Structure formats: C-alpha cells, structure tokens
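Features of the protein shown, as given by Swiss-Prot:
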| type | residues | note |
| --- | --- | --- |
| TRANSMEM | 20-40 | transmembrane segment |
| TRANSMEM | 56-76 | transmembrane segment |
| TRANSMEM | 91-111 | transmembrane segment |
| TRANSMEM | 160-180 | transmembrane segment |
| TRANSMEM | 200-220 | transmembrane segment |
| TRANSMEM | 233-253 | transmembrane segment |
| TRANSMEM | 319-339 | transmembrane segment |
| TRANSMEM | 344-364 | transmembrane segment |
| TRANSMEM | 367-387 | transmembrane segment |
Amino acid sequence: MAPVIPAASAPHKPRKFYQHLYVQVLAAIAIGILLGHFYPDLGTQMKPLGDAFIKLVKMVIAPVIFLTVVTGIAGMRDLAKVGRVAGKAMIYFLTFSTLALIIGLIIANVVQPGAGMHIAPASLDPKAVASYAAKAHDASIIGFLMNIIPDTPISALGSGDILQVLFFSVLFGIALAGVGDRGEPVMNVLVSASQAMFRLVHILMKAAPIGAFGAMAFTIGRYGIGSVANLAFLILTFYITSFLFVVVVLGLVARYNGFSIFALLRYIKEELLLVLGTSSSEAALPSLIEKMERAGCRKSVVGLVIPTGYSFNLDGTNIYMTLAALFIAQATDIHLSLGDQILLLLVAMLSSKGAAGITGAGFITLAATLSVVPTVPLAGMALILGIDRFMSECRAITNFIGNAVATIVVARWEGELDKDKLAAALSGRISVEDDDLPIEATSPAQ
C-alpha cells in the first residue's frame, strides 16, 4: 500500500479569527480566570468540565500511540533504524534533561529565591505532604523498569500506561514487519484505523475550549490568585528560567538544526494553550503526534520519540526539581555544600525519569528526590504545596516544547525529516485545521 497522496481540492475560505482553535481556547482561559476570581464557589464547580475533557483525550492516547508506532515501524525497510532512533533519542533526552537540572541548580544559587525566610523545619507540618511522600516511597528504579512490561497487551491499552503501550507497540511493529507481504492485510487495517483515530482526535479537540475553561475556573476558584503573593518570587524565578531555557537553549538547538523555535511555537500554539488551560501535557499528546507527522517527521520517529519523551524528556520538571529543592533549603536556613548539591543532582536525574505528563507528577518526583537526600527536609515541601498548581502549567508547557524540539532534531539526525514539509508547516503554508489533509501512511511494501 503506497503512501496517501493529497487529493486536489478547492482552496479553503480564510477562517475568521474567532474560528481558530487557539483563539477559542485563549478566550475560554480568560473567562475561566474571571469566573474563578469573582465567583470562586461557582468556579470550583466547573472542575468536571476540565476532568471530562482530559479523560476524553486520554481515551485515545493509547490507540494513537499503538497505531502510530506499529504502522511506522512496520513500514520501515531497515529495522536497525528502530534501535538507532531509540538510541539517539535517549542520548538527546539524557543530555538536555541533565542540562535542565544543572540550570535549575545554578539559578537557585544565583537568585536565591528562598533566602531570608528563616523558617524553622520543626514548625512545618509533614502531614500536608504525607500522601506525596507515600507515592514517592512506593516508586523505585527496578519497579519502574518492571512496570514497563505489561501483564497483557489488553491491560496496557486498557490502563493507558504510555510506556507499556509503547513497549508492546514496538515489539508488535517489529513482528509485523518480519512477516513481510503476509502482514500487508493487517497493515492496511491498521493504516485505516490510524486515519480514523486522528479524525476522532480532530473531533475531540473541538471541545478543548470547554475543558480549558473548566480547568482554569477550578484552579483560580480553588486556590485563588492571592495565594501566589507570598511566594511570587519563586514562581517568577521559575517562569523566567523556563522561558530562557526554551528561548536560549532550545532556541540554539533549533537554529543549529535548521528551524526557528519561534516558528515552532506558532505552529503548536493551539496545543500550548490547551496545556496551559488544563495543566497537563497529556491533553495535547495526540495532537502533537499528528502535527509532527505533518511537519515532515517520519511516523516511526514520531511514534518512538514523543511517547518516550513524556517520561524521559521533562525539561520543565527538571528545572523545577532542583530549583524547588534549593528554595526549601534556603527557606529553612540549611546550607548545601557542593557535594550535597551534586548528590541532589544525581538523585534527581534518576527520580525524574518516571514522571508522566500528568498534573502533579513533578511534585511527586520532587518528594522522591528529597526522600533520598536527607539534608533537605521533606516536610519543607509544605512551603510550596499551595503554589505548585500554578507552577505545573509552566512545567507542562516546557516539557511539551522540549518534546516537540526533540522529535524534529532526532528525525533530522536519522535523515527522516522532510525539510520542505517542515518549512511549509512552520511558515503556515500547511493548515492542520483543514479536515481534508491526510495522515501519512506507511506499509511494509514501501
């Protein structure tokens, strides 16, 4: 089965500004903020709208990953490329995740957002973070690795565990490619199912403004804008650091690899606003997979890099972990030597690898890190518990951008990037809102 070729069609009528998804999501976020601020009780009641939308998106994440990975791998002529793509992706993830941790450490030492607070560790209530500490205690490297192997393929798809789905999908894709032409009927079915699944993603994205409105109204109504005032300096430091990481570090990576970080941000602006509104990068995962394919990244690369990156390439979470850990130490007047900070960095490198793209995962990984580093009191997390929700948006957005950049970079390294399609997508010549644009299809006979 050959790749799907776009059929000639009449040019689309230009959309009015309010018909664009990013405008609708932005307006929904603004309305949610106003409702949560002026009518907090009513705002908190909007939570089911955000939860329902995230559940709708999570419903399609597992099948989207399965179909993308299987059809991508089975359509490759050289299966050795699968190993090369995975290896290059892990090198990229390890390099930039470590760099993000180091940047968070440096900024915390230079800016010192917790200095002068003089909070006695004995005065902190450990019960406030007990549930997070318990979740962190249950996590271990061996347990994390063993959990990647699903009990059954159905349980992986049913639970929606990204790494379990990815693990089975890679094995099944390799097996399907191994049977050659006999697997083509199965491949044809999967390609058609993939196209139908992405059409479903388009349908679900129409509800994004409702989900963003509900999630933002709840956040402001529940926590209040005023709750950030006392720790505004920490929040500001984290936001500025993440912004500079995206613009400077990822910007240089993008420029070196032949594209503009700002053009990429324009290309994924709808997804970024969705992540901002829902505080979950998972909410935009299916849409990111589709957009990276349309931007010229080969399906097999997209299917491997993005799902893996959601656990191993968390730049925003890594910046947050070292910055927050040093903030707690500074606020409680605990001096961390260079050796203590290096230990903190090494532990954070390991504990951050199991975080999923869900709200609150960064807080749990921070608890896992502090539970291993005895110098910083775990109870100190109570200091940032109230504002963590306001920092999770920035974590999720930075993680999301990092995975978009990683996908393009790894595709280029592997020679699986269509530079003309990338240029067309980033310049706006390809509209991903057009319903008649086909999804790339691959087959064993390609």
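Cβ atoms here come from the backbone N, Cα and C positions, even for glycine.
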Original post:
Have the transmembrane segment (91-111) and the transmembrane segment (319-339) got at least three CB pairs under 8 Å, pairs 6 or more apart in sequence?
Top reply: yes
**OP:** Name the range, of those listed as 20-40, 160-180, 233-253, that has the largest tally of Cβ pairs under 8 Å with the transmembrane segment (56-76).
**Re:** 160-180
Subject >> Sequence-remote partners of the transmembrane segment (160-180) [C-beta within less than 8 Å, at least six residues beyond its ends] >> reply: 58, 61-62, 65-66, 69-76, 79, 82, 147-150, 153, 186-187, 303-304, 307-308, 310-311, 356-357, 444
